[in-house]
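S.K.: Quick paste from Swiss-Prot:
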type: DISULFID; residues: 12-48; note: disulfide bond
type: DISULFID; residues: 16-52; note: disulfide bond
type: DISULFID; residues: 23-41; note: disulfide bond
type: DISULFID; residues: 26-37; note: disulfide bond
type: MOD_RES; residues: 10; note: hydroxyproline
């Protein structure tokens, strides 16, 4: 992923990384509801990848 986002799209990469970090925090906070976090993360990752490709 970093090869796609690296250099050319630093702002996009940083935003995606923050979203991913938030997702990891969610999994830690809601360990018993991991499915909810996984779905949330998948949406963020997909939208982020689309944005990076378009820009």
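Count begins at 1; order follows the chain as displayed.
The backbone N, Cα and C atoms fix where each Cβ goes, and this holds for glycine too.
Owing to the predicted nature of the structure, the values given are computational and were not obtained by experimental measurement.
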S.K.: Roughly how many angstrom lie between the C-alpha atoms of residue 26 (disulfide bond) and residue 12 (disulfide bond)?
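M.R.: Rounded to the nearest whole number, the Cα-Cα distance is 21 Å.
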S.K.: Return the count of C-beta atoms lying within 10 angstroms of the C-beta of residue 16 (disulfide bond), excluding that atom itself.
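M.R.: Around residue 16 (disulfide bond), other Cβ atoms within 10 Å: 22.
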S.K.: When you measure from the Cβ of residue 12 (disulfide bond), how many other Cβ atoms are you left with inside 10 Å?
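M.R.: So the number of other Cβ atoms within 10 Å of residue 12 (disulfide bond) is 18.
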